[in-house]
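**Q** First, the structure itself, so that you have it in front of you.
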Amino acid sequence: MAEVKVPELAESITEGTIAEWLKNVGDNVDKGEAILELETDKVNVEVVSEEAGVLSEQLAEEGDTVEVGQAVAVVGEGQVNTSNDSSNESSQKDEAKEKETPKQSNPNSSESENTQDNSQQRINATPSARRHARKNGVDLSEVSGKGNDVLRKDDVENSQKSSSQTAKSESKSQNSGSKQSNNNPSKPVIREKMSRRKKTAAKKLLEVSNQTAMLTTFNEVDMTNVMDLRKRKKEQFIKDHDGTKLGFMSFFTKAAVAALKKYPEVNAEIDGDDMITKQFYDIGIAVSTDDGLLVPFVRDCDKKNFAEIEQEIANLAVKARDKKLGLDDMVNGSFTITNGGIFGSMMSTPIINGNQAAILGMHSIITRPIAVDKDTIENRPMMYIALSYDHRIIDGKEAVGFLKTIKELIENPEDLLLES
């Protein structure tokens, strides 16, 4: 017998939530094989077994919060012949547990409910499917499988989605026939638990707002020259760098590095009574995912060329959306860039990332009339840029100077190429 424990994660992570069991009780487990997926404050990680054998016990359920070092499963010796057998065995164990658990008497209970409970027990389903059904009030007798003898968690989830869509359509048809009074307090709402990562993000954003003297300064950038350079070099860049595309993000990343070198206080953070000025340039690139906004870091941007930065950004974006980011991708950065322009944002005041002094916000490129000199007005592609910064560390003069440096480098992109 060997216990599987939650491994040491990043220094700041002490616990996580079991997102999904990847193995059921009775399943064969190889050494180094993942048995569950753990959701942490930053990324999802897989917990693996250090021993080969059979998963004999799950010590926590999906949705439970577990601490680093806590035992979550037991792997014993032996083998199971088929996956169906293991699922049947685990289902029988669940069934036995349910029979052993005394039910509280309820004067309102009916024979039909008891019949439903018994039918739930007779149905062959994996433990995770049963738990999910109990948690969400799904009747397993109404769940259709995928041709297997055993109902699995995804079968229950698919049944939920189908029921939800039916309920929505029924609700719409009912509402179309009658209007609720504006004074009626029972308006339709949907209440659901926030994911661990969503709760953590909400907590940290509030902490940053409350614990920093955050201020935002703005400028505008004429994107004419950088767009022209990108257009001229785009095809050759793709050929020279194995299909890597030249985007605007690499220009802003290199401009940020140059500005950070010129204004080192922007690359700093406060630690107690000390100010730590970082001598490295790990730039966070905000990526939107189904789980919310994630900020993986491109390491050593001062040592990377445009192609390497673009490749790294593309790789991190794919990993973020596929939930494959590691903890090393998400910690110990020095500065962050976020681009609300991809969603159509014209202007915003981004919130500083934790343990940093500032964040740069990019926005939509909008063609508008600009006075290029006192006698000439031309339509130019313009972008508003924003720098939110911690006024405890950075004075207004430095913040404005930093943003002005970004502006000048983007408007004269050849200077960035020379620096690279």
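Backbone N, Cα and C atoms are what each Cβ position is placed from, and that goes for glycine too.
Annotated region 'Disordered' per Swiss-Prot: 75-201, in sequence order. If you look up Swiss-Prot, you'll see 91-102, 149-158 marked as compositional bias 'Basic and acidic residues'. Feature annotation from Swiss-Prot assigns domain 'Peripheral subunit-binding (PSBD)' to 124-160; the stated evidence is sequence analysis. Under the heading compositional bias 'Low complexity', Swiss-Prot lists 159-188. The active site annotation in Swiss-Prot covers H391, D395 and rests on similarity to another entry.
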**Q** Around the Cβ of H391 (active site), how many other Cβ atoms lie within 10 Å? Please give the count over every shown protein chain.
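**A** There are 13 such Cβ atoms around H391 (active site).
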**Q** According to DSSP, does D395 (active site) sit in a helix, a strand, or coil?
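**A** DSSP call for D395 (active site): coil, neither helix nor strand.
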**Q** Take every residue in the domain 'Peripheral subunit-binding (PSBD)' (124-160), average their pLDDT values, and give the whole-number result.
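**A** Residues in the domain 'Peripheral subunit-binding (PSBD)' (124-160) carry a mean pLDDT of 73 in this prediction.
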**Q** Across all chains shown, how many C-beta atoms besides its own are within 10 angstroms of the C-beta of D395 (active site)?
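**A** Result for D395 (active site): 12 neighbouring Cβ atoms inside 10 Å.
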